[in-house]
């Protein structure tokens with residue numbers, strides 16, 4: 001029997017289904033837009049030209065990232081805990097990855113504290129970590145330009161002096177760059193050694209299938 005109650009239920013059900021299908025359609029459209037964006041833009045625009053100096057006083061540019069898989073970390077030598085922990089993690093990753101793939105990796109420490117981190121100071125600092133590390137630094141503007149290219153935030157005062165006492169807030173990522181110097185992945189603090197090694201394994205395997213070499 002078609003009663004006012006059943007009519008109300010019928011209408012409410014119809015309205016509910018209408019909203020459901022609209023919601024599902026919107027989800028499909030959103031996913032399609034994401035897929036198109038991914039195809040159109042590819043990898044995020046991370047990385048680019050830079051010109052800094054190593055801990056031994058040698059020039060170092062984006063050309064030095066070519067030919068190997070680079071792991072790039074931005075930090076500073078006065079960092080009390082986070083930077084040492086991340087650099088230690090990078091060292092463990094390098095040892096494990098080299099056992100599996102060979103010496104095809106290039107670990108880089110970029111100082112975001114150019115006022116206090118001279119090349120000689122970075123050289124002393126990196127002795128506590130993996131011996132393969134290259135430390136680089138430059139003028140404030142040169143460091144700022146590289147950080148901008150890598151989408152790295154840092155809070156070093158532009159007018160800081162070596163004797164000043166301050167901490168630097170900065171983005172905490174390890175950037176994986178392929179042998180062409182192109183961005184592959186940014187690993188945050190929560191990324192485990194196993195997570196990073198697996199991602200590297202997948203990327204190196206794909207690279208080898210496309211190029212015939214691991215680097």
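Here the Cβ of each residue, glycine as well, is placed from N, Cα and C on the backbone.
The feature transmembrane segment is assigned by TrEMBL to 6-22.
Per TrEMBL, the feature domain 'Thioredoxin' maps to 41-205.
A C-beta separation below 8 Å, combined with a sequence spacing of at least six in one chain, links residue 83 (Cu cation binding site) to 73, 75, 76, 77. The annotation Cu cation binding site is assigned in TrEMBL to 79, 83, 170.
Its Cβ taken as reference, residue 79 (Cu cation binding site) is surrounded by 20 other Cβ atoms within 10 Å in the chains shown. Feature annotation from TrEMBL assigns disulfide bond to 79-83.
The average pLDDT computed over the domain 'Thioredoxin' (41-205) stands at 95. A C-beta separation below 8 Å, combined with a sequence spacing of at least six in one chain, links residue 170 (Cu cation binding site) to 74, 75, 76, 112, 152, 153, 154, 155.
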